[in-house]
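A.B. asks: Dumping the structure here so I can ask a few things about it.
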Amino acid sequence: MFTAGSAQPLSPRCAFVSPGGPESPAMASAFPRCTSVRLPVSVAVILLLMSVTAVQSSQGDKEPVYRDCVKLCVRMNCTGARLRGFESSQPQYMTLTGWTCRDDCKYQCMWTTVGLYQAEGYRVPQFHGKWPFVRVLCFEEPASALASLLNGMACLLMLLRYRSTVPRQSPMYHTINAFSLVSLNAWFWSTVFHTRDTYLTEKMDYFCATAVILYSIYLCCVRTLGLRRPGVSSMVGVLLILAFTSHVSYLTFVSFDYGYNMAANATIGMVNLLWWLCWCWQNRRTLPYWWKCGQVVLLLHGLALLELLDFPPLFWVLDAHAMWHLSTIPVHFLFYSFLIDDSLYLLNTEKLGVKVE
């Protein structure tokens with residue numbers, strides 16, 4: 001960026017007050033305030049053209065202002081006595097979640113860049129593939145972290161209700177318990193990832209989410225085919241394990257391709273959707289609770305469309321991803337209501353020697 005009139009590069013020392021709150025004293029001392037920034041027409045046109053692809057290219061962290069700001073902050077605050085002062089004054093919860101001096105520089109400089117964009121009336125940019133979020137305590141994405149935690153709690157609550165209601169002799173009991181544990185693990189890592197985004201937590205969030213989607217295919221297979229043909233569900237289970245292993249291996253050792261990961265999960269999810277809907281349609285006259293299953297799969301795939309909204313977070317906290325996670329919390333109660341009804345039905349039909357649908 002350049003200032004109008006002087007055509008000089010904008011100094012990273014010019015900082016705006018963070019929309020997410022006051023800067024830390026150590027960081028604030030490194031950045032004298034500036035009052036305004038002007039952009040020439042040519043740069044304004046370029047920014048407008050690039051705003052179409054800002055989501056993919058993470059314009060914010062590519063800005064010279066941001067990069068120079070981080071370099072200056074790290075040089076002035078993250079060595080010697082200043083670093084020791086930062087570490088001694090840092091709250092314990094920040095230390096435990098891995099926040100470093102450099103991370104704090106990135107956070108403060110992110111808001112500096114956001115302030116410059118807003119001052120000139122431009123769209124808020126993303127940084128490192130994400131919107132800017134206000135940090136609450138140690139939570140990087142507070143709304144998404146809270147929503148993930150609430151999803152996990154809803155899943156745990158309904159699992160306990162399932163175990164207290166359905167006898168262990170029910171044909172689907174152990175498969176549903178395993179599915180619930182896989183889901184709880186995924187919500188745990190989702191909470192951790194939205195609390196602190198690191199190389200490890202990002203991979204665990206993505207991989208565990210894929211595990212849930214693949215296990216939901218297995219759950220559907222066992223319910224629709226495996227009870228009458230156990231060999232079929234066993235073969236499908238082996239294929240799904242191989243698919244998961246290949247998926248994780250490719251993303252880990254070849255290329256962590258976000259587009260491929262999204263396409264793979266969407267494809268698996270569509271197979272799951274169609275499979276369950278076909279089963280619901282076939283059993284709509286014999287199973288009075290079939291509508292619960294149909295409504296769950298339609299809701300889950302419909303609510304996922306919230307991700308397409310992709311807007312800068314409201315109040316720097318609530319974005320489309322957080323809204324999606326929040327919207328799925330009630331679905332757990334309907335889904336487990338279906339699982340309880342269906343497991344009791346299977347148990348009763350087994351006792352009566354009736355053919356399972």
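Each residue, glycine too, has its Cβ placed from N, Cα and C.
Heads up, TrEMBL stuff is auto-annotated, nobody curated it.
Taken from TrEMBL, the feature transmembrane segment covers 143-160, 172-192, 204-225, 232-252, 258-277, 289-309, 329-347.
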A.B. asks: Is it true that the transmembrane segment (329-347) and the transmembrane segment (232-252) have 3 or more CB pairs under 8 Å, sequence gap of 6 or more?
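C.D. replies: Since fewer than 3 Cβ pairs under 8 Å link them, the transmembrane segment (329-347) and the transmembrane segment (232-252) do not come into contact.
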A.B. asks: Between the transmembrane segment (258-277) and the stretches 143-160, 172-192, 232-252, work out which stretch tops the count of Cβ pairs under 8 Å.
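C.D. replies: Per the Cβ under 8 Å count, 232-252.
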A.B. asks: Look over the recorded stretches 143-160, 172-192, 232-252 and say which has the most C-beta pairs under 8 A to the transmembrane segment (204-225).
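C.D. replies: Highest pair count goes to 172-192.
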